[in-house]
Structure formats: structure tokens, C-alpha cells
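What follows is a short report on a single structure.
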Amino acid sequence: MQVNFDETCDSVIRMNANEQTRSANGIGNGNGESIPGIPDDLRCKRSDGKQWRCTAMSMADKTVCEKHYIQAKKRAANSAFRANQKKAKRRSSLGETDTYSEGKMDDFELPVTSIDHYNNGLASASKSNGRLEKRHNKSLMRYSPETPMMRSFSPRVAVDLNDDLGRDVVMFEEGYRSYRTPPSVAVMDPTRNRSHQSTSPMEYSAASTDVSAESLGEICHQCQRKDRERIISCLKCNQRAFCHNCLSARYSEISLEEVEKVCPACRGLCDCKSCLRSDNTIKVRIREIPVLDKLQYLYRLLSAVLPVIKQIHLEQCMEVELEKRLREVEIDLVRARLKADEQMCCNVCRIPVVDYYRHCPNCSYDLCLRCCQDLREESSVTISGTNQNVQDRKGAPKLKLNFSYKFPEWEANGDGSIPCPPKEYGGCGSHSLNLARIFKMNWVAKLVKNAEEIVSGCKLSDLLNPDMCDSRFCKFAEREESGDNYVYSPSLETIKTDGVAKFEQQWAEGRLVTVKMVLDDSSCSRWDPETIWRDIDELSDEKLREHDPFLKAINCLDGLEVDVRLGEFTRAYKDGKNQETGLPLLWKLKDWPSPSASEEFIFYQRPEFIRSFPFLEYIHPRLGLLNVAAKLPHYSLQNDSGPKIYVSCGTYQEISAGDSLTGIHYNMRDMVYLLVHTSEETTFERVRKTKPVPEEPDQKMSENESLLSPEQKLRDGELHDLSLGEASMEKNEPELALTVNPENLTENGDNMESSCTSSCAGGAQWDVFRRQDVPKLSGYLQRTFQKPDNIQTDFVSRPLYEGLFLNEHHKRQLRDEFGVEPWTFEQHRGEAIFIPAGCPFQITNLQSNIQVALDFLCPESVGESARLAEEIRCLPNDHEAKLQILEIGKISLYAASSAIKEVQKLVLDPKFGAELGFEDSNLTKAVSHNLDEATKRPQQNSCT
């Protein structure tokens, strides 16, 4: 049983009422003393293990009385504080488990977790990278990526879980306790109950070990001092208090009377470290979004994920119908018993299973539904009475695995059942695989039904097409007869007035967006490699600290991996020259900082950094209302999901052997890259002197030439100059610079904001391709970088996933022969680049720079992400793209569940009725009617 916060509060309230009633009637005092007449099964089970046992009545739904329950929680909190006091700064998981959406912990959507996970006495907390050691069930194939797990449980306090009291305490904490926030920085949500917060095991004052000191109004929330003369407590949250000195110095515009009603923290104005690390400001900002806007966000999200969950439901229905026909009886599908940090993958394609799958009870071989469909098609098996083509998307060719090549002896049975593969293929050869499931039987069907009811009852107005002559749009391409040469490029200040409407419209059409002046020069100065290393080093264990450590780096001149000292790399980052040869040292750090260290550094040392990002509704990893990927519960494994820091050396001087570059990336996630630091602190004129790029014959590469990465080609001297040179600049007129028509500038004289040029030197050059150009681009790469015929692969190979790089000759050839031209522009310090999912891009580092990247998933990108998931499924199993695949099916299910409950909460809540009715009465009426219909209508079986 998992007890959540609300149920616990209700139990405490009921218990207090019962205790008062018993005291009034003379039954007992509730303090563990004599209470005669209580049945043994209702008594508190607290004892000394010998003779004594507490005689008080146990709490409702608990095995102990209120006194011993609170004592146990305080003991666990103090134990957790002592155990983690020295290591709190090293926790890589920051933030709170609670999000704005309360729909992420459905009782019917949780995976089945066996209590055997805890029944070994003490919860084993292995200190491998600060993560709880995963125990794998041999009967299930688990997904074990090479990258560190980003979502996982933190090590728990050692509690004897065979004891009823210990089990109650641990399961109580599992229901609400943060898995990301270290004890030293956690701040509870102000909307939570005060009595519950006062004994929270995750909250304590920095000035005292008393976890409830601040909630009692003894300590100033801002300065953490309790020796102030006047401290004003907040009546809204009953938790925080501010001293008069801090209020007059930081919040002088708020009167003391207003502070007493609503404190700065509840207003989202507090800038202390605790509030920044707990995203309190962002929570308040999201909470204050108008209800109608929230509903529109949720409808957009539901409309985007509905096709995906309907596809999942249709595939499940087909398999259920087949299973009923094979068994000729009503079926009750076996549900897999997965632990919270486990993931089941298909034995063939290695893709995580969403819900239904086929399982061998003898050898535990697992097969996803898509592989079942591919095997039946390869075996030419026709299943009568079912819709076999539900997986086909209109207008898109179906991608499937080549089973006949990889498993020539494995075929589907004539009745449509799937036999277990022979032993040489990893199976046991049994006659049939049984249908099994992970979630509850009707969960997906209910989601589809409710989502359709809501979406069909609402219609959002179409966005107006923006004026491309607006000064906020910059010309990044010279395509003929094309309306998307201009890119939306506002400044951060402009976004505050424009809102997200224009961004939404651009994103829906798959166009990139750039945002200028996200960070100022003073903020960027704190992002140099030495400062990053110093801050990360402060979070590491003293025993593991190293003054000048070795780092892994890629030498862009030859593509080889080298070990360099931090000091040596820092010198190369600043001046970039080899003192012996005089050539630039073009190094890119590899996996430094690590994903976990990057997340820890950004959320702990730079808590204000995320808050400075634009479009937080889209990109925030936990609180973004429009970030579909943020709807996953915290216990789900999702790889490669944290912020990443990329440190590279670059130079404006062109090198004949190569350049500092990043090959073509083709992501199923939306990405944002923020250039936080460059080695050039002064403005200078860009001069790049290069030899003319020699003309290359227009012909295919030799059939014996393999598909090499740019680094490998550099090693063999096969790749020509990879950056813009004088010859190419003269030929490609006009230059693709950031320019706008002066006539379109705003009349207020704000030319600095509206101009697309920048006085500082560009740190990186970007080439971003449109989604509609992907087929032509893929064809060109397949023709130019062709694999030899003697190399065969088990699955489909896509050149866009191979990290190739297009130099100026390739881009010119691509434009002349295929009519494909990317958006080409320079990124300046403090500028953010938003790349939609499915838009290939490549980067050339024009000088040493540091990029911070965040991934997210907008509703407008869900369809493209689902399409790319099908492509990635057909890649070889050891391909990097497959190891980092986004579980778009599972994400869509959880997002739909979360959105449905949020809509119900907003629409049916009486306090929002007036606001919704005043804004749009028809919208409110339609949604309420559809929700009532969905609630009253009896839920049918998922596939009948």
C-alpha cells in the first residue's frame, strides 16, 4: 500500500478527532498510557520486544498510535539529516517530486511493485554514483544504458521493514518525499499542510537541526537568522517568516501588512538559495497562469498525444482479439511485476515495452507488439477478423525489421500465434508466446475515451500568421520561392511582451527559433572552464578531489581521443595554440562534465540559470505545462534527459586539416542550446584566411569507401575545409549573415534589440535543415557517403544518424542538385537556439565556447517524435541513437492521464467557475458536459 500526502493528513485529522472524543469520555489520553477495553488488534504495536507494549489505540490505517508515529518520523528525519549532512551538496538529484500537475501518481497506472524489494531487513543503499543499486530480475530483460540513470530513488535511511512501524514510515515517505532534493536545500510547497511540514524528513533550517524551526516563525527565511528583533510570519503558508531588515532591504515595495498576508516566497519573489533550488519562483509563476490559458495548454497537449495513445490502443485490441480466438475463453492477462527503477525491453529490437507484449513462461523471452506484427508479415500470415493495418500511418511508409535475414528459421504460426524462437536465437522453441501486460487492463482504453471526450468538445482558434517583415524575424536562408527564409529571433525582453503565441506558431510549423540576450555579459563571465571545475569540485567528495585532473578530449585535427590535464585544456581554451607547432589546439571535452555532474552543478550552483530561460512553459524539466516529457513520474527511467554542458576549443583561423565541429544531429527531442561563454571577450573583425576549396568531381564515392565520420576522414586527410572561407564566401553571395531590412526596424529607436547582427564575435556557426528537406538530405548522404556492398547490416541504416558533416562543397552541391539549403547563422554569446525535433543540424565552433543544452518535448513535436521512434527502432541494437531513444508511447500515456485530471480539476472546481464563465461560457459548458458524460458512461473492457 502506498500512502500519499492527502490520505495521511486525513488520517491525522480523523485521529485527532477520535482522541478528543475518547479524552472527553474518559477512555484514555492518547499518550501511550492505559486505555482499557481496546481490542488487541486495534492497539498500538509499539513494544520493547519483550513484555511492554503500548496500550494506546492505533491510528486509522496505521499500526501505531499517533505519538509513536510522530516519534518515528522525527527519528527518521534526524537520522536522515545526520547521515546526509556532509554529503548533501553531492546529491545530483535536486528539486521536488511534486509538480504542478497532480496527475502523475495514479493508483491504476503504477507498475506493480513487490514488497520483496524491501523484505531483506535493511534497504540496501549502494553508493554507486549516489544511486540506489538496481536489482535485476533474471526473468526479465532490462534496459541498461551506458549513461548514468537520471531518474532514480535516492538511498533511504536504514529502517527495519519487517517491523510494522518501519514499514509504515517508509511507505509514508515514499508517497510524498522528494527524490531529488538534498536535505540542506529543500523547501516544502507553501500549499501543503503546516502540521505535516513541521515533521517533514526533508526540511530543516540551515541554522538549526530542528526540522520545524522555520515553520514556528523563529528564523528568518531569507537570512536564516533568529536573533532579529522583529520577525513577521506569513499567514498564507503558515511556514515562512521574514525579518524586518530583509524586508526593508530586499522587498521594500511590499508593506509589512501585505507581507503578513502573503510573504515574498508565496508571491514567487524570494531569491534565496532555497527558493531558487526548489523552483519556488517558477511554481508561483505557473500557479498564477490564468485558468483559461491552462486549459488551452492542456487541450493542446491532449490533442497532440491522442493519436499516439489511440495507436497503442488499436494495437492492443488486435492482440487481445487474437488471444481470445486462440484460447477460446475469456482471458486475464498476466501482469508483469516490475520494480520502480526497472524497464522491460523487447529481446529483438531492444526497445522498451510500453504496455502489452508477448512473453514465454518457460524461458522469459519477451517480444513487443511491433515485432509480432513484423514477424507475421515476414511469414505471410493473415489474421482474419482483425485489422492488421492499424499500425500503418496514412501517407507514410511502414518501417519494419528484416526478420527473414536475422531469424531465417523463425516464423509465425498459421493461426497468428508467435512461437518462442529456437535456442540459437535466444528462445526455447515453445509453441506460443502468451500475451501479458504492464499496466492495468483498462487504463489505456479509459485514457482514449476521456481524451476523445475532452478534445471533441473543444476547439482552439487558429493562430494568425506572423508578418515576416517584422523586425523580430531575421533572414537566415536564400531559398527561392520559400516563405520560411526568415526565423523568429526576438530578445528576452521582447518575449515578455509577446508571450508564447509566436513561438507556438513557429514551432507548429517546425521552424527553429533564436532568442537573443538571454544572459548578459556579467552572467556569462561565470561560465569559464575554471569556474565550472571549481564549483563542481566543491560538490565532490574531498577524498576524490584532484587539483589538476586528466580529462578525456577529442582532438579535432585527427579525430583521436586524448588525455589532457585540466590546466592544459584551459590554456588551449584561452589562446588555442600549440607552442611547438603554432597550430591551434582544437579539443572537445568528452563526457565532461558528466550528465549527473552537469545536473548537480546547474541546479545547485546555478539555481537561477533555469529561471532565466525563455519559454519555461515548454522547457522546464519538471514544471513545464507544455513539456510532454515532464509528465513522466519520477520513478520512470528515461535516459539522456538532464542538462548537458559542452566545452569546445575553436578558432576563426581556418585549418587545412580540419575544424572544431559537431556532426549532423538528428534528434527525436526538441533541443535548446544556450551559448554561455566564449573565449573572446572583446569585439574584433572576423577574418578567416583559407586556401580555396578545390572542386571535387560530381560523382559517387568509391564503392569500397566506408561510411566514415568526419574525425576518421580528417585522420586520413580525406575531408577538405569544413568552414566558410573566402572562396566560398565570394561564390555564395550574398553572405548568410544575420540581417534585416532597415525599413522594418521599429520606430522607437531600439535598433540594438531589433537588429539581427551583433557587435561581438560569433561563437558558433549553425546549419539547421527543415523537416521537409530530410528525405532529400538523406538521399544525398546515402549517395555521397555510401556504404560498400560487402557490408551488410541486420536492420535499416540511416545516414542521418551517423554523425556526418557537410562542408561548403557538400552544401553547395546539395543546394544546386537537390534544392536543399539550411538556415545558416552565427550564434553569439548569451543567445539561445531552439531546434524542433526532426530538424537535422550541425555546428562549427568559430572560437572556444561552452554550450548548455536542455531537451524537452512540445505537443507540436509529439507526432514527429513518434515517427522518428519507428526509424530508430530499425537501427542496429548497438546504435547510440537506440540506446538513447525517447519512450514516446509511455510519455504520451502519462501525459494524457495528467492532462485529463488537470482539466477535471480546473473545470469542476467551483472557485474557477466564475473565471471560466466570464471568459468563455461555451467552452466551460462544453467541457463540463463532456466530462459528465465520460464520468456517467460505464467503462467497457479495453478491447470489446
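Quick reminder: no glycine exception, Cβ is built from N, Cα and C everywhere.
For 20-40 (among others), the entry in Swiss-Prot reads region 'Disordered'.
The domain 'WRC' annotation in Swiss-Prot covers 38-83.
The motif 'Nuclear localization signal 1' annotation in Swiss-Prot covers 73-80 and is backed by sequence analysis.
According to Swiss-Prot, the feature region 'Disordered' maps to 77-103 (among others).
Annotation comment: Swiss-Prot describes 217-269 as zinc finger, evidence class sequence analysis.
Around Cys223 (Zn(2+) 1 binding site), the same-chain residues six or more apart in sequence whose CB sits under 8 Å from its CB are Cys243, Asn245, Cys246, listed in sequence order. Under the heading Zn(2+) 1 binding site, Swiss-Prot lists Cys220, Cys223, Cys243, Cys246.
Classification of Cys266 (Zn(2+) 2 binding site) by DSSP places it in coil, neither helical nor stranded. Positions annotated as Zn(2+) 2 binding site by Swiss-Prot, on the basis of sequence analysis: Cys234, Cys237, Cys263, Cys266.
When the motif 'Nuclear localization signal 2' (323-330) is classified with DSSP, helix, strand and coil residues number 5 helix, 0 strand, 3 coil. Under the heading motif 'Nuclear localization signal 2', Swiss-Prot lists 323-330.
Annotated domain 'JmjC' per Swiss-Prot: 621-873, in sequence order.
The compositional bias 'Basic and acidic residues' annotation in Swiss-Prot covers 685-703.
Annotation comment: Swiss-Prot describes 685-715 (among others) as region 'Disordered'.
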Item to check | Long-range neighbours of the motif 'Nuclear localization signal 2' (323-330), counting only residues six or more past its ends (CB under 8 A) | outcome: 385, 415-417, 432, 434-435
Checklist outcome for this item: Grouping DSSP H, G, I as helix and E, B as strand, the residues of the domain 'WRC' (38-83) number 21 helix, 4 strand, 21 coil
Checklist entry - If one measures from the C-alpha of Cys237 (Zn(2+) 2 binding site) to the C-alpha of Cys220 (Zn(2+) 1 binding site), what distance in angstrom results, rounded to a whole number? => result 14
Checklist entry - How many other Cβ atoms are found within 10 Å of the Cβ atom of Cys237 (Zn(2+) 2 binding site), counting all protein chains shown? => result 21
Next on the checklist: Just to confirm: which same-chain residues, 6+ apart in sequence, have a Cβ under 8 Å from the Cβ of Cys220 (Zn(2+) 1 binding site)?
Outcome noted: Lys226, Arg228, Ile231, Ala241, Phe242, Cys243, Cys246
Item to check | Fewest Cβ neighbours within 10 Å, where candidates are the binding-site residues Cys234, Cys263 | outcome: Cys234
